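S.K.: Let me begin by handing over the structure; questions about it come next.
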């Protein structure tokens, strides 16, 4: 179908941002609609047409630049209330121009996108998303890429609020607001006969059904009264349950006050349970620490007596602050505090450890309950913490061998392996001999462990893995006053093999660092010249991907330093087994790495 459209100019306002103009719903007795628009001068104007002329309904005074304008109102009624975002503030106006809302969100960035649904307000800045209900903070999300827009699925069609973020990386991120673990799942028929459903229980105790029964039913003759009666009965039941809960809260509060004032005041300290997981992720060679509490978390203090890196987590909405540490006097290498947003019951952290550095990571969890109480969880960082169990290895690789013999039992040697490596069962397996295979999730090197009473044989294509095992196992045997006979066979080819495994990772990180360093200078040139036509394609590509490159670099703190450290350890360990101390040559090695060339590095290892 073709339409003939003719231009009609109504009026002109100041410069406008995207999505700052809306049409108000038409009234019952008028067919034409009024237009409301906000501009960069901070002016909100509402006008209608009368006898071919634009007539203002209202016009506000100038103020901050208006970045977004949306219509809202009570659900299932005409959406005729006007909301504008200016800086970090939200203001609301009636259709007549009376201001009824002024809400300062205190966001650190200016608001770029907004969506209104009833009393729910969804806001986003460049990377931060916030959800408010009746101007109270509900949820927070720090996005891994730039947020272009935000919307929420219609609440009339969904049993819960489902915000959706449209991001710069061409990904729609659907946010889940119910963030707690599912503990059990069953299929069957519970709610109503004839409708199958999935029934789940959550960590905090909720039992929820996902039913095939339609939410909106079509009522035939005589059915409407029945449905209304069912709804009334349900509302009455909910009211009775609410009254009972309110009475129970008052009763428990009185009991608590009496208990806290008695001679047995110690028993008044509130208890709470923590659901926690500390697992190694194969994809990025990092540990994921998940802490989940029944009630809202106030803050979590992380303390470590070994060097670790904290990595960014997209799902993490907490604000982190670091405290200075004195590792020499009190063995503190990390002190970090995560302050959680309101209603946060689940916190996810990511850390990366250094193999050879082992100790304990502690998490002090404080929930939002009175009086203040805290629980401590401890997690062991093992000497070979980045190794993961696997079912097979490549036996054709050049391997180095460490052999231990002595007067030790099968249980004792097994306890040493448990101390050194993750994912090993605490109890010794059945039988007289056991074999475990491991893979280093960071470098893809491998380890074979075979041991029995009086003997242990460990093979790896990475000399540094063998060196760590030799040092730690010797130390553990000495603690128990067990004499060990230690022999080893070093395969020189394995050094070049390990360097080749490191090469693509090192090359990528060096190139990434180089590109990130060029971004600011290229942006200055772009501003000075007015365009990028004069730049070579490589530099234009860096400018186009600047945000992505900086985000990628930010996600991997100290990644390059870790690779430098692994190469340095490999160099020292190679010659340590020959009885030579080459630490004086490390500065020269670092110079070669700064101007990295794979052949030059291999030649340095061979010539040293």
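Note that Cβ sites are derived from N, Cα and C of the backbone, with glycine treated the same way.
Those TrEMBL annotations? Automatic predictions, nothing curated.
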S.K.: Of the ranges 172-199, 200-227, 228-255, which one does TrEMBL flag as coiled coil?
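M.R.: Residues 228-255 are the ones TrEMBL records as coiled coil.
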S.K.: DSSP on the domain 'BBS7 platform' (387-489): how many residues come out helix, how many strand, how many coil?
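M.R.: Taking each residue of the domain 'BBS7 platform' (387-489) in turn, the totals are 28 helix, 38 strand, 37 coil.
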S.K.: For the domain 'BBS7 beta-propeller' (177-212), what are the same-chain contacts with Cβ under 8 Å, counting residues 6+ beyond its ends?
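M.R.: Distal contacts: 131, 138-139, 160-163, 275, 292, 294, 315, 345-346.
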S.K.: What mean pLDDT does the predicted model reach across the domain 'BBS7 beta-propeller' (21-176)?
M.R.: 89
